[in-house]
Amino acid sequence: MKLDSKIFVAGHNGLVGTAIKKALLSKGYQNLVLKTRSELDLSSTIKVEEFFQKEKPEYVFLAAAKVGGIIANNTYRADFIYENLMIQNNIIYSAYKNGVKKLLFLGSSCIYPKNAPQPIKEEYLLTDTLEYTNEPYAIAKIAGLKMCEAFNLQYGCNFISVMPTNLYGENDNFDLNTSHVLPALIRKFYEGKLNKSNSVEVWGSGNPRREFLHSSDMAQACIYIMENINFNDLINNSKEIRNTHINIGYGSDVSIKELATLIKNIVGFDGEIIYDKSKPDGTYQKLLDTSKLNSLGWKPKITLEKGVKEVFEWYINQKK
Ligand code: GDP
């Protein structure tokens, strides 16, 4: 990628897209193509094809997706599979037809089997049953990474798939019904503090473990891969052609209880934590094995504590 290369960041207003846009600009990339949802409907095949023909982007970060937490995934099952398949099919196919030099497809760690051995290696993909709460989303993401792989093998494209762990950061979704756990807990503890509540409710048993990566670390990893890695390097680096995707993670996880305590302390809430066991726990653990990415030369920098402090500050500044 050159500093004047034409780069399309699909989903630049989302959690990762925002961070990718910011990181690209701060590295001096000047030729970004950005379209809001009202300017370009990514689920429309015709509109996406017209956009690619007109703009001819050279590089594509495919960070657009319908995403959400455990309840949203389980409730809007049809929307999660349909919208994600449409967005990624349109962009990946148009990228192939219009000669995009390199595309980065962002997936998720939920593509792996529910009971995968930990930490999860890339080759555990499709070896067992998925977690049911987010199966529609996971199947769409698996289709996306297989589509990239198939276009690379059949048509010589250079489409790379990355599977991030749970991400958090600025511009996250703080809606309590649809958000992921980390922003939800920041909001719940903050509101608990403002309202002087005696307790805050945390879903599930608190025992599941999750790994969290800050979105600006994720953006750095994405740009590093776009700048330095090609599909052929991944064939050489992977044990088999079928698992050439790359995990992007922090490298260690915490229990939801540990996360809740950390956030409670950072926010300064001094009431009690109550675990609502009527809400689902989801997968017990999904810690990614990041040795492939590490061997390709990239490591994260932002600790969970520092990251949560930053996001909390961002959140309260938004409220002012
Ligand atoms: P997941 O990683 O796909 O399961 O998605 P989430 O981030 O939504 O949930 C992770 C874990 O945090 C699950 O065990 C949830 O039950 C738990 N959790 C605890 N409190 C909350 C909350 O307020 N919101 C969400 N979304 N999850 C919570």
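The backbone N, Cα and C atoms fix where each Cβ goes, glycine too.
Just so you know, TrEMBL annotations are computer predictions that nobody has curated.
Source: prediction; values computed, not measured.
Taken verbatim from TrEMBL:
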ACT_SITE  Tyr137  active site, proton donor/acceptor
BINDING   11-17, 106-109, Lys141, 164-167, His180  NADP(+) binding site
DOMAIN    7-231  domain 'NAD-dependent epimerase/dehydratase'
SITE      Ser108  site 'Important for catalytic activity'
SITE      Cys110  site 'Important for catalytic activity'
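This view paints the features noted in TrEMBL onto the structure.
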residue	record	contacts (Cβ under 8 Å, 6+ apart)
Gly11	NADP(+) binding site	Gly17, Leu42, Leu62, Ala63, Ala64, Ala65
Gly14	NADP(+) binding site	Ala63, Ala64, Ala65, Val67, Asn171
Ser108	NADP(+) binding site	Val67, Tyr137, Ala138, Lys141, Met163, Pro164
Cys110	site 'Important for catalytic activity'	Leu130, Glu131, Asn134, Tyr137, Ala138, Lys141, Thr283, Lys286
Leu167	NADP(+) binding site	Leu15, Val16, Phe212, Leu213, His214, Ser215, Met218
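Tyr137 (active site, proton donor/acceptor): 29 other CB atoms within 10 A of its CB, across all protein chains. Around the Cβ of Pro164 (NADP(+) binding site), 23 further Cβ atoms fall within 10 Å across all displayed protein chains. Look at Gly11 (NADP(+) binding site): DSSP puts it in coil.
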